[in-house]
Amino acid sequence: MELLRTITYQPAAGTKMCEQALGKACGGDSKKKRPQQPSEDGQSQAQVTPAAPHHHHHHSHSGPEISRIIVDPTTGKRYCRGKVLGKGGFAKCYEMTDLTNNKVYAAKIIPHSRVAKPHQREKIDKEIELHRILHHKHVVQFYHYFEDKENIYILLEYCSRRSMAHILKARKVLTEPEVRYYLRQIVSGLKYLHEQEILHRDLKLGNFFINEAMELKVGDFGLAARLEPLEHRRRTICGTPNYLSPEVLNKQGHGCESDIWALGCVMYTMLLGRPPFETTNLKETYRCIREARYTMPSSLLAPAKHLIASMLSKNPEDRPSLDDIIRHDFFLQGFTPDRLSSSCCHTVPDFHLSSPAKNFFKKAAAALFGGKKDKARYNDTHNKVSKEDEDIYKLRHDLKKTSITQQPSKHRTDEELQPPPTTFAKSGTSAVENKQQIGDAIRMIVRGTLGSCSSSSECLEDSTMGSVADTVARVLRGCLENMPEADCIPKEQLSTSFQWVTKWVDYSNKYGFGYQLSDHTVGVLFNNGAHMSLLPDKKTVHYYAELGQCSVFPATDAPEQFISQVTVLKYFSHYMEENLMDGGDLPSVTDIRRPRLYLLQWLKSDKALMMLFNDGTFQVNFYHDHTKIIICNQNEEYLLTYINEDRISTTFRLTTLLMSGCSLELKHRMEYALNMLLQRCN
């Protein structure tokens, strides 16, 4: 059965006035009755022509005229019926106002005469049973259902801006940012349905309803069904013919993948203004669907084409999951607005960033993170390179310097070197437990730095530790200064592998600072500025007296001058293995193509521990709640990982934060991390 199957908007409520006393509460009007308009978008289950809109001609459809005042026989509540919102196979949908509190609902009214046969009534009962248990921000809310002698009434969430079908009818096509905005919400609602083991089975523009705040709600559960194991799946063909998947047409049953297929059709239709499998006759349409044959216009950008093609894969197993869809480059590489103006219902939105700083950073983001290979790309349209473009190019050039040496460490007095008593820290836990808010002033306690720089002048000029720190600081500051305000962490979640510190020990009052990486490499930055790593095989040692000068030897056969340090290294390794737990849920993956990580500098304040590595990886662990921030560079793109108090990690592109903003809890930590980086030499 079809819930809000089609939305036919009637400008004037076309029926008798309520009693005079109730006129205002009802919002009725006294204009003459108008003839019913044909349905605009959704097709009924029995529809046969996919290309043309289907007109229902059931003039006896609703039986006798439905009364303006409707009373719930069980509660005695009185409702006033308003204008028709839409109509479908069995029912009409009306605006309906609860006269006790003036709350407006969308009421689906089904005459008993339309569901007289047992199988018809079963459909209604099944729809009610499925829909009434659903509660999600992006699913039309079911409120109440009752019956009287004439009709069944289902009270649903009222969506004042009608459906996506109406928006597309007015707009013809939508922009990519809008499509991302709506698709995110559809995916969110659909993911919830699939988690409840419910298949929608009729996803289309006419079943996505838009409320006053321009939020999308998935509706119409008339064809919805519980997810069955493959062997028990229904083989019936249902749904709107254009959006039927090959496996449903071939009577192999409907699974989650069939909803993904429909989502691909929806995305295609939003971007191009027509469905992918629209032909002049039904037989040809079905042939195209079975062969997954459709045209992909060159006007679409590559990520959009790729995502549509993956969702419209002929083989259901080749289609992406809902999580894969949200992690696709179409979402990750493009701007998604946080909210849309209601003017988008009829007018193309303007997403132009007005502030020059934001424009600069948007271009910088494209240069830094978009994988642009050379400066020439920016000179295509300008004979002369603008100052802004030069700044961007310089910024990108700085980011590519990942082989780092560092500035000579300062000689410190014994007093400065004396840290607090020995502190063994469990995965970022410290003896310092500070409950205060993270603030601007950084109170340094102790630090350690890798030994003096090599004699090469190029090393001093290009690859000093200062260069690494400055580059990370510049990118972090650029993101913080230009990202919009937001109240939550972006939805993006990348699955990527990188090295980070899972355990650490500060024994700097005697030997130095030890840490374990996620690939189980153990490193120690000794108080004398030397660095030693024990590789995951526990057999090989890498020794750095100075940056870029690495000695490699077996752990069991160390040169005489290193024996005592190797003993300390093994002690750190054993201690962390036995006593400390991992500080997060990130997978431990080793990528042998990536350079070995070693620590350039570590620094402890009264609130956090900062670690800066040779390849620009930057990690800050906060003591009081064990949250962590990790910034790393992969394929000329900066990623930020946030590990929350529950040790659950989320990874974003910095460009995503730049465009979407983030929660205050993350922003405050990013600001503190930046201050630690800037004040590291103080």
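A Cβ is built for glycine as well, from the same backbone N, Cα and C atoms used for every other residue.
For 25-67 (among others), the entry in Swiss-Prot reads region 'Disordered'.
The compositional bias 'Polar residues' annotation in Swiss-Prot covers 36-48.
Taken from Swiss-Prot, the feature domain 'Protein kinase' applies to 79-331, supported by sequence analysis.
Look at Swiss-Prot and you will find Leu85, Gly86, Lys87, Gly88, Gly89, Phe90, Ala91, Lys92, Cys93, Lys108 tagged as ATP binding site. Around the Cβ of Gly89 (ATP binding site), 22 further Cβ atoms fall within 10 Å across all displayed protein chains.
Around Asp202 (active site, proton acceptor), taking its Cβ as the centre, 26 other Cβ atoms fall within 10 Å, counting all chains. Annotated active site, proton acceptor per Swiss-Prot: Asp202, in sequence order.
Per Swiss-Prot, phosphothreonine is recorded for Thr236.
Annotation source Swiss-Prot lists region 'Disordered' at 402-430 (among others).
Looking just at the domain 'POLO box 1' (500-578), the mean pLDDT is 89. Swiss-Prot lists 500-578 with the feature domain 'POLO box 1'.
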Cα-Cα distance linking Asp202 (active site, proton acceptor) and Cys93 (ATP binding site), given in Å to the nearest integer: 18
C-alpha spacing of Asp202 (active site, proton acceptor) relative to Lys87 (ATP binding site), in angstrom: 16
Packing count at Leu85 (ATP binding site) (other Cβ atoms within 10 Å of its Cβ): 25
Euclidean distance between Cα atoms of Gly89 (ATP binding site) and Asp202 (active site, proton acceptor), Å: 14
Binding-site residues (Ala91, Cys93), the one with most neighbouring Cβ atoms at 10 Å: Ala91
ATP site span - longest C-alpha distance across Leu85, Gly86, Lys87, Gly88, Gly89, Phe90, Ala91, Lys92, Cys93, Lys108, in Å: 14
